[in-house]
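Take a look at the structure set out below.
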């Protein structure tokens, strides 16, 4: 993305030097000396860029005719600042009369003007909006969040998208595959086997058949007038033959 600080060719941004170390030494009369060293503060790339953008915008307000204070700054002044930055842009934006209008990769050079890319302006406004509130500004009075600024950025995005033949639509994030329940991945379990053995089942079936046969026999005998006791007496085993000695 284009750097915003390129527009400040006539003035230089103030350089802020952070203290790298601070050493405190006790008086020579004391028997021991204490030394305290603080580690240097390292800012992220985003914080450094935000500080440079804020200093650049402050320099623009001071160079404004008449000079402007931050409290008097409005969305209209922010739009003037963004249009002023276009002269230092590095992005080719084709006009409608250009034969390469809407061509993402033109095969030959053309005299179309250079502008600040929409992505650079959008990121710049985001950093300045955050810096304004960090310096004590109220969110409802933030000139970088004005409706006119949002409409201007939308217009720049649409016009550059058509002129350059590219799309600025945000790509939809692919949803990560849902983790399936481990229990659902397991094969279905077979029903528990019966604890009774095959021989026991056979014996139970045989006893049931025997009872049904005896019931049918009783019904048939009662139909012809022969009484029968139910349930029938169990068959007694034959008595063993007695020998002569027993007699």
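The backbone N, Cα and C atoms fix where each Cβ goes, and this holds for glycine too.
Annotated in TrEMBL:
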- 18-48: region 'Disordered' (REGION)
- 19-44: compositional bias 'Low complexity' (COMPBIAS)
- 45-172: domain 'ALOG' (DOMAIN)
- 162-196: region 'Disordered' (REGION)
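Looking at the domain 'ALOG' (45-172) alone, the prediction's average pLDDT is 90. Broken down with DSSP, the domain 'ALOG' (45-172) shows 77 helix, 4 strand, 47 coil.
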